[in-house]
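A.B. asks: Mind having a look at this structure? Questions to follow.
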Amino acid sequence: MSENSPLITEHELDHHGSTDEQCKKKRLAYFSDVPNFFWIELSLLINVFLSGFDGTVAASTYSTIGNEFRAISLASWITSSYLITSTAFQPLYGSISDILGRKSCIIFALAVFSLGSYGCFASASMMSLIIMRGFTGIGGGGLMSLSTITNSDIIFPEKRALFQAVQNLLYGLGAVSGASFGGYLTSLLGWRWCFAIQIAPALLSMYVTFAFIGKSESRHALEGQSLWKKIDFGGSATLVCSLTSQLLILSLGGNKLAWLDWRLIGLGILMIVSTLTFLKIEVSTSALPIIPVQDYKTKYAVLNIVLSFGVGLAAYSYLFTLPLLFQINLGDSVTQSGLRLTIPSLATPIGGITTGLLMAKSARYLPNLPVCGTLLMAIGNFSAVFISNKLPNWLINLLLVPANLGQGIAYPSSLFLFIYFFESSKQASSTSTVYLMRNIGGVWGVTYISSVTQFVLRKLLKEDLSRLSFLTKKETKKIIADILESTDVIKTLDPRVRELVIQDYTFALRVSQVVLGTCCFVAFVCFLVGKRLFIKGNKQWN
């Protein structure tokens, strides 16, 4: 047997498939009959934890990093560059692992993630950090998706919802740890250690994977197909090109460059061409497509894909704006803003566990869960508008709970609702598609919300500071430029100026939160429609 293979054989995949009658037979094992199950799960759950930790630790420290490099306007790219590459490579892991094997892909993902984390630790400039975050994303894109795909391979179908709940718990705990511990670690040792600390568990997981995950024959190798011809490199390259040009337009337009600037027009043309080329490749390629468009022709499939984009946009952007709101409006330090996220962030794994247990109890709960999750996310985003230094801490924590709880419910339930339509042989690609659209939403959300905040802030500051008679036009321009590069400047301003700046910055962040709340409410309405389509298309649910 070769190592260029999935974790288990095609026969085993059929045995564990969600539609196979053999799954109903009595088994001696409770969760799985795959050897070394405990060690495999240890590796996978470490990967899931790292995925959650890395996402929030970057969000909780980006303002500190931006201030140190005096490039706060570029700080969103610390997250965006990671999301671009992880988004492009995440679906590739699904198809490539079908060809080369789960084991090889997991080891590769962890190796790249570790090297990238060290590169972030050693970065000497904002640009080098952004590049290394992009490199880290190549590995990070496989941590969560390969764990979900591998668990779908090895765990008995009726136990998958329970393990999805455990996976949600670990992801949530990782996110909580990143949000709270990241700020503390930044204050204690510096932001670089927020990336370096991830290397040791990644190497441990890599060792466990190498030592305990077995080898088996690849489905596609057995069929005699050319391995490299089945990998959608063209789709991946055009997707990266499309996303990068989109984000550059969002980031530069109205801030660094005028909307009709020839460079933005050129980026717009590149975006359109690369997007259309990507779609053409996905429809006609003989490789395993990143998005198997031919499988997603039903109204429900299209709607769920769009909704995955919307949920990802709202979730990432919400996390991105809160630390800045805490530091600007509430006067929190980096440590305090991280700790403030701890208690409400516990609602995310609670929502995930609850969702998993409900799905394990009865699949009939499934159509209602995304509806409840997106409604809670909408309530949470609108509630964040009322956060201010006039409220007691317990009430601020309470206002933060609904969005976190809603995300914990919406993420796993929308995933399972989507892959429910597909047979076991297509579960890897359908899982990757959901993660892909969430990440694209996250890429758009972080950059778009950052651009909205900067645009509104710039406009308000120009209007309000020009009314202060003791400031010259030159001084006003310098203050605005400095604030857009570093929030630390606010502390050094004249009290009269500082009060206006905090007021305008807070208002700009509130505008962003209203936009996010609206996105969540639209997703809620669409999931109501999707629920009807789901039930209508499945007679057993009537």
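Just so it is clear, glycine is given a Cβ too, placed from its N, Cα and C backbone atoms.
Pasting the feature list from TrEMBL:
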DOMAIN    40-477  domain 'Major facilitator superfamily (MFS) profile'
TRANSMEM  73-93  transmembrane segment
TRANSMEM  105-124  transmembrane segment
TRANSMEM  161-184  transmembrane segment
TRANSMEM  190-213  transmembrane segment
TRANSMEM  233-254  transmembrane segment
TRANSMEM  260-279  transmembrane segment
TRANSMEM  300-319  transmembrane segment
TRANSMEM  339-358  transmembrane segment
TRANSMEM  365-388  transmembrane segment
TRANSMEM  394-422  transmembrane segment
TRANSMEM  434-457  transmembrane segment
TRANSMEM  507-530  transmembrane segment
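Describe the structural context of these features.
C.D. replies: Listed as Cβ neighbours of the transmembrane segment (105-124) (distance under 8 Å, sequence separation of 6 or more from its ends, same chain) are residues 43, 47, 50, 93, 96-97, 131-133, 135-143, 146, 150, 192-193, 195-196, 198-199, 202-203, 205-206, 209-210, 213.
Panel annotation: around the transmembrane segment (161-184), residues 31, 44-45, 48-61, 144, 147-148, 151, 155, 194, 319, 323, 333-339, 341-342, 345-346, 348-353, 355-357, 359-360, 408, 411-412, 416 of the same chain, lying at least six beyond its termini, place a Cβ under 8 Å from a Cβ of the stretch.
Counting same-chain residues at least six beyond the ends of the transmembrane segment (233-254), those with a Cβ under 8 angstroms from any Cβ of the stretch are 76-77, 80, 84-85, 87-89, 92, 263-264, 267-268, 270-271, 274-275, 277-278, 281-282, 285, 287, 289-291, 440, 443-444, 447-448, 450-451, 455.
Within its own chain, the transmembrane segment (260-279) is flanked in space by residues 235, 238-239, 241-242, 245-246, 248-249, 252-253, 293, which lie at least six positions past its ends and keep a Cβ under 8 Å from the stretch.
Within the chain, the transmembrane segment (300-319) has long-range Cβ neighbours (under 8 A, six or more residues past its boundaries) at 55-56, 59, 79, 83, 179, 370, 374, 377, 380-381, 384, 403, 407, 410-411, 414, 417-418, 421, 433-434, 437-442, 444-446, 448-449, 512-513, 516, 519-520, 522-523, 526-527, 529-530, 533-534, 537.
Within the chain, the transmembrane segment (365-388) has long-range Cβ neighbours (under 8 A, six or more residues past its boundaries) at 307, 311, 314-315, 318, 321-322, 325, 329-330, 351, 355, 358-359, 396, 399-411, 413-414, 416-417, 420, 506, 510, 513-514, 516-517, 519-521, 523-524, 527-528, 530-531, 534-535, 541.
Tertiary neighbourhood of the transmembrane segment (394-422): same-chain residues 18, 148, 161, 164-165, 168, 172, 295, 298, 300-301, 304-305, 307-308, 311, 315, 318, 322, 330, 340-341, 343-356, 359, 366-367, 369-370, 372-381, 383-384, 386-387, 430-431, 433-434, 438, 520, 527, 534, selected by CB-CB distance under 8 Å and a gap of 6+ residues from either end.
Residues of the same chain lying 6 or more positions beyond the ends of the transmembrane segment (434-457) and with a Cβ under 8 Å from any Cβ of it are 73, 75-77, 79-80, 83-84, 86-87, 90-91, 141, 144-145, 148, 243, 246-247, 250-251, 253-255, 290-291, 304-306, 308-317, 320-321, 324, 411, 414-415, 418-419, 483-484, 504-505, 507-509, 511-512, 515-516.
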